[in-house]
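To start, the structure itself, in structure tokens.
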Amino acid sequence: MQDKDLSTLQTFKRLWPTIAPFKLGLIASAVALVFNALADAALIQMLKPVLDEGFGKVDNSLLRIMAIVVVLLIFVRGVTNFISTYCLAWVSGKVVMVMRRRLFRHLMYMPVTFFDQNSVGRLLSRIVYDSEQVANSSSGSLVTIVREGAYIIALLTVMFYTSWQLALVLFIIGPIIAVIIRIVSKKFRELGKNLQNSMGDLTSSVEQMLKGHKVVLAFGGQKIEEERFDQVSNNMRRRGMKVMAASAISDPVVQIIASFALAAVLFLATLPEIMTQNLSAGSFTVVFSSMLAMMRPLKSLTNVNAQFQRGMAACQTLFALLDLETEKDTGKHVVDTVKGEVRFENVTFSYSGKEHPALNNISFTIPQGKTVALVGRSGSGKSTIANLVTRFYDVEQGKITLDGVNIQDYTLANLREHCAVVSQQVHLFNDTIANNIAYAVTEKCTREQIIEAAEAAYAMEFIEKLENGLDTVIGENGASLSGGQRQRLAIARALLRDSPVLILDEATSALDTESERAIQAALETLQKDRTVLVIAHRLSTIEKADEILVIEQGEIKERGSHQELLALNGAYKQLHSTQFNH
């Protein structure tokens, strides 16, 4: 138990620096709570002269003064309750936003191995739900005490049972409160819908980044994703504050109206018609105290600790995620341009948890401006080779060089700046076609450059037929486009990037023959004067490659040109015969 308490204390201490920048909100809330407590104390104290002197002996003018004071005190209580609730909600919203942004940035720089081992849904839960729980632990518990401490509606029954004459005042006040609640409820529905939409935007933004993590890494899109997420997270925070403001302001309004019921009870108690009904001091005290008690329910206090512990548990989970190492980026080498020679030297690599290596002592060279194709059965290690070039994974043994420099000596951003990737699984963002193509470049590009890239990729053929052309929003992951169209946008993106090293990872394997022919010319344009690594499923697409490597079980079994490999009458010839005899 002591260990648990210590862990909770340590977790909160670590969380405090996140809360500290917003401590003015906490101070304002605390001051408001002090005045709120003083108002409550004054209300209770006002019962003393009534009980001390006896109900029938109190000067009527004193009761009339007390009626005015009650209204003022309840007004103060309502205002301070609103200030306290709003300030705490402001702090809570800020803490949530900071935690979400920190998690989002951290996830964008995590290695691919991390995403291999963690589901997208779980990560979304960390960002969206767990961060909310952290806010509940830091300030939400106090919000619960303030807000939930304002009501015990059950005391209304006690009031009517004790003195229905005095409690009858509520029949006048009740309809007014009902109207307010109806108006506020309608507003809540509207605000709630807006908040749900914001939650959808937030989840969509995170999901796009997570699903397209390789694209973000390969094209250096972290800044774009960060700005996009900053915007949607702030929109959600502001809409959340509107919901909280509406909730917080409705409480004091109802309380202020209820205070008129208190004043009315005091005035009615001075009337002879009421005085002659044998209204005892005890009955009066019960009715009056019950009205006060409606503003101070305590039943939710027992849940505060549980709420705090849930928040701390979520906080520990998030800190554990933030403590995970991001991609290793220890390289210092930065160059503006490279020639593009890629060399594998005795490279061995194994995936985590796998018994056998995915690559075993691989060595080959892709000279500047040449094309090397990798062929082999599924799972032979072809895609692993491509992933190693961009350092989505790091080699265990051996090394990979770019222009004679170990790729681990380059900074990650600089290495990936020199590489363009077109893969089988094209990831497009829920944005315009123009922005999807321009995603490849870190600096701003002109409309003409985008059009030029689209034309070179033979994408303008279908883009011009769309109603909004380049400004067409294509839906999540390009849902409104065909496979061939999506692939041509990926090629246009790579053309615009204009990197000297090009990786084509089974770029046509998922397309039908007609679509494949449509983009083959685009691929040939893309490969011109570039160092190209092609992972091919269809051998017809790599017959012109300068060298073809046949990969089996992580090793190079054969190498040579198309004609040379056919002449060997080995594994390549068998693959070729299998495809072309069907």
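Note that Cβ sites are derived from N, Cα and C of the backbone, with glycine treated the same way.
Source: prediction; values computed, not measured.
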| query | In Swiss-Prot, which of 274-294, 421-441 is tagged transmembrane segment? | reply | 274-294
| Using an 8 Å cut-off from the Cβ centroid of GLY376, ARG377, SER378, GLY379, SER380, GLY381, LYS382, SER383, can you name the remaining same-chain residues around the ATP site, in sequence order? | ILE551
| said: Excluding near sequence neighbours, so keeping only residues 6 or more apart in the same chain, what lies with its CB under 8 A of LYS382 (ATP binding site)? | reply: LEU374, VAL375, GLY376, GLU506, ILE535, ILE551
| Where GLY381 (ATP binding site) sits in the secondary structure, as DSSP reduces it to three classes | coil
| Three-state secondary structure of GLY376 (ATP binding site) from DSSP? | coil
